[in-house]
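Asker: After the structure tokens below, expect a handful of questions from me.
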Amino acid sequence: MLAAPLLLLLPLLVPFPPSSGAQLPNQGRVEEAPVATNGQPFPWGRMRLPKTVSPLHYDLSLHPNLTTMDFKGVVRIQLDVQEDTGAIVLHAKQMQVSNAWLLAPEGARPLRVLEYPRFHQLALLSDAVLTRGRKYEVQLEFAANLSDSFHGFYKSSYRTSTGEVRVLASTQFEATYARAAFPCFDEPAFKANFTIQIIREPRHISISNMPKVKTVLLPGGLLEDHFDTSVKMSTYLVAYIVSDFLSVSKTTRHGVKISVYAVPEKIDQTAFALDAAVQLLDFYDDYFDIPYPLPKQDLAAIPDFQSGAMENWGLTTYRETGLLFDPDKSSASDRLGLAKVIAHELAHQWFGNLVTMEWWNDLWLNEGFAKFMEYVSLRVTYPELQVDDIFLGKCFEAMEVDSLSSSHPVSTDVENPTQIQEMFDDVSYDKGACILNMLRDFLTPEAFEVGIIRYLKRYSYQNTVNSHLWESLSNVSDHLGPKFCSERSLQSGASKWYSGDELDVRAIMDTWTLQEGFPLVTVEVRGREVRLSQERYLKTADRSLTEGYNVRLSLRSVCLLLFRADVLYLPEEADWVKFNVDMSGFYMVHYAGEGWNSLIRLLQHNHTALSSNDRASLIHNVFQLVSTGNVRLDTALELSLYLSRETEIMAVTQGFQELVPLYKLMEKRDMAALENRMKPPRRRHHGSVCDRSSNPGRVGLPV
């Protein structure tokens, strides 16, 4: 009897044991009493700042000198006192701080300044107690050299076509470098408003987060630009640039002025970025149902810029290669790359800027969401870019990193600047995006959108942790339509995922963010019976890391609780079974018994019965399982033979990525006969992809 094939979508809900990367005891604190540079006791001994006072507003005046390559400034910080204290502890790094004053209603009083360079901290000591509930101001003068690195307030330069070297100064404060530009409370939870003034020469311009409100002529011919007061934001989002840049501008449908800045000789390469920024900001304005809160959004191409781009609120900064597009020289792939990076940084204006993670352990709330929104936005604004193919590839790349025993949970304890910087990796960005895509598929796109809009509106101008997002997504049942899993269909233990009638998203998603790795589900079909088991997928022989997994699987209207093993019964026998439809779940599947052979037969006779993503995921999974010894190499090679008829970019590209290392190995070992047997399909694939790449509606990928 020929039975209908069955495709199964199985989001895995995996409670994990405590992370093996737990923080060491006393990390981020001083074992002995800290001592300031002048030999006096320093009043604070932890890496994280105390919460006795919090900043409300910074009035920051800066004078960078692009001849002597240094800068000086004055900062006045309005403070709200949370607890009685005689010491104000804040950050400053590699700068000279002088003339510190406490400005109180009863008059100005000098403050003693202590420095503790180990933690980049200053202590401002007052002779009188600062009283809880009152507001004070402190004023400090400071000076430092422009940084030689690409962090803090740093010097940059470029060479014109005539060979002239021109100098500029720019900022890069994420994650912990605002403290190198001005004394501040340099942690994301210490949000405040900023009013900035910059002194410059007439040959330069200055730009910052907010629009310029006036320019004042100073004695000696210098100019002082005054910028409007910012919205409430974290220090790492503050930005300013002094340069000779030119700009082009447009206005969005919602009335936001978009400007792109670049060196004068490259201003004619800004058209694509300007149009893309207008379209994308309008898209986000509509999608998030929250108006972009600033009157302008600048995008600046910096000649010397280490990061790919930076989401400073109202002034996003980019490498020149990440923002400029030369129609005569740039490729279709360049166009895709520019669109992605602009989409990423503009998504941050909501995820990261409007709502910010409380601490860097939840960096993925910023970066995972921005990476995910790249693809959501570009599917609509630039459908010809076919970004779904690229997104699947990113999930494969994240799995490559997450399959190592050295991986870390998406949410990981970090304390010092070095640990924080290490969080900017494929796990925070790509895995974060992939598990959000999995959750969106599970909840439905409509319910997911409702939940994240609720999250953004509820926590605007605030800081959040994982649980705030999950709570916002939990009560969306009215928007789910037919429930993915109804309580009546729950099998043993699965009611754990519900709180009353509501889906407990936190209980599900904590399993994906608080534990490193991802599952390998093994499937064996025997008639109508499907035997399921799971373990962590690891490219290591250390199987001890797989202890303690529980997997909960949802199948259409049936919720299945899977521990080490379980059994699912199909309505009728099937010729083949494909789990993880469209690779929407962040896990791999091994088809034991005749499972792989049945899928090989399907691909050989009717490969389009599966979607392009399904075919690409089968290629990826089978070759990854060869590397761990779960599948024989000849099985993977036999599956890949169908590629001679493949025309979709993602499946072909994934096939090349798996097969090219084998070709190189055969060449190295002089296995000419086997190599020649495999080459004809490769030539046909290459021609097919080239044909697709020549279509202006497709993106040409290197293969």
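Every residue gets a Cβ built from N, Cα and C, even glycine.
From TrEMBL, for reference:
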{"type": "SIGNAL", "residues": "1-21", "note": "signal peptide"}
{"type": "DOMAIN", "residues": "55-237", "note": "domain 'Aminopeptidase N-like N-terminal'"}
{"type": "DOMAIN", "residues": "272-512", "note": "domain 'Peptidase M1 membrane alanine aminopeptidase'"}
{"type": "BINDING", "residues": "HIS344, HIS348, GLU367", "note": "Zn(2+) binding site"}
{"type": "ACT_SITE", "residues": "GLU345", "note": "active site, proton acceptor"}
{"type": "SITE", "residues": "TYR429", "note": "site 'Transition state stabilizer'"}
{"type": "DOMAIN", "residues": "576-670", "note": "domain 'ERAP1-like C-terminal'"}
{"type": "REGION", "residues": "677-703", "note": "region 'Disordered'"}
Asker: What other residues of this chain sit with their CB within 8 A of the center of the CB atoms of HIS344, HIS348, GLU367, the recorded Zn(2+) site?
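Answerer: Checked against the 8 Å cutoff, the neighbours are GLU311, GLU345, ALA347, PHE351, GLY352, ASN366, PHE369, ALA370, LYS371, MET373, GLU374, TYR429.
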Asker: Which recorded positions (GLU345, HIS348, GLU367) fall within 10 Å of TYR429 (site 'Transition state stabilizer') by Cα distance?
Answerer: GLU367
Asker: Could you tell me the C-alpha distance between GLU367 (Zn(2+) binding site) and GLU345 (active site, proton acceptor) in angstrom, no decimals?
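Answerer: Cα-Cα distance, GLU367 (Zn(2+) binding site) to GLU345 (active site, proton acceptor): 10 Å.
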Asker: Have a look around TYR429 (site 'Transition state stabilizer') and count the other CB atoms within 10 A of its CB, chains all included.
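Answerer: So the Cβ neighbour count for TYR429 (site 'Transition state stabilizer') comes to 23.
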Asker: Could you tell me which of these recorded positions, GLU345, GLU367, has the greatest number of Cβ atoms within 10 Å of its own Cβ?
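Answerer: By the 10 Å Cβ neighbour count, GLU345 comes out on top.
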Asker: Tell me the residue counts in helix, strand and coil for the domain 'ERAP1-like C-terminal' (576-670), as DSSP assigns them.
Answerer: 67 helix, 7 strand, 21 coil
Asker: To what whole number does the mean pLDDT across the domain 'ERAP1-like C-terminal' (576-670) round?
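Answerer: Over the domain 'ERAP1-like C-terminal' (576-670), the predicted model scores a mean pLDDT of 91.
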Asker: Might you list, by sequence position, any residue in that chain lying six or more from HIS348 (Zn(2+) binding site) with a Cβ less than 8 Å away from its Cβ?
Answerer: GLU311, THR316, ASN366, ALA370
Asker: Restricting to the chain of HIS344 (Zn(2+) binding site) and a gap of 6 or more, list residues whose Cβ falls under 8 Å of its Cβ, or answer none.
Answerer: ALA309, GLU311, ALA370, LYS371, MET373, GLU374
